[in-house]
């Protein structure tokens, strides 16, 4: 049963939590290189980028098991083989993130949210040891007050533990938070935490359209969350060279634009 629920009908969310791979960055090329390097060590043929794209989303261990199985189903893979392959994969992936790219619209969106006082957190199933170096290389780390990796807590998404932990640390209730992701795990974690979820169409969802997971909102670009949603338009951020009074005037103008978008989003409904 569906129930009508406004999508931040009167104000900005106080906290926005983001997934990483498939949401903020396209890391498939580097992950594929590491997977194929691991498979080569076992004398196996490369998996290739399209298969790896469908296997991502449940952490490094599951990715490695899927690569060994050559399928999204991996029940037949033993623990000893998994441990050996995981060590090779981790070593290969630690070498470089040269092929990873930030998706269009991400930096504009993070800048806008930060300038407007919205707290941000990163919650990913990627092992913690890889997260900080990647964020530094992509110049994204500065935007997040809280960063939770796949082994920071005992649980990973779709378990809501990381979302609940961040909200507790921030002192923010679920109705004042938003989760942005790209996969079934992200949507399930958000729903379990009682948080609205915006899901991106371009990410990694095992080859399935993200709309099938029934998030609160489906978007094609992270900039769709902003007042200036026209992809051809440049988002104008507050100018640091302006006087304090002019900056306040500019912030008020941007906030008025955002309120129009929020009222439009109030038409979206939760889907059971």
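Cβ coordinates are placed from backbone N, Cα and C, and glycine is handled just like the others.
Going by Swiss-Prot, these are the annotated features:
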- 19: active site, nucleophile (ACT_SITE)
- 19, 21, 182: Mg(2+) binding site (BINDING)
In three-state DSSP terms, residue 21 (Mg(2+) binding site) is classed as strand
Take the mean position of the Cβ atoms of 19, 21, 182, the recorded Mg(2+) site. Which other residues of that chain put their Cβ within 8 Å of it?
20, 22, 23, 24, 57, 124, 181, 183, 186, 200, 203, 204
Can you grab the distance from residue 182 (Mg(2+) binding site) over to residue 19 (active site, nucleophile)? Cα atoms, rounded to a whole Å.
8
Just how many other Cβ atoms lie inside 10 Å of the Cβ on residue 19 (active site, nucleophile)?
27
Position of peak Cβ density within 10 Å, selected from the binding-site residues 21, 182
182
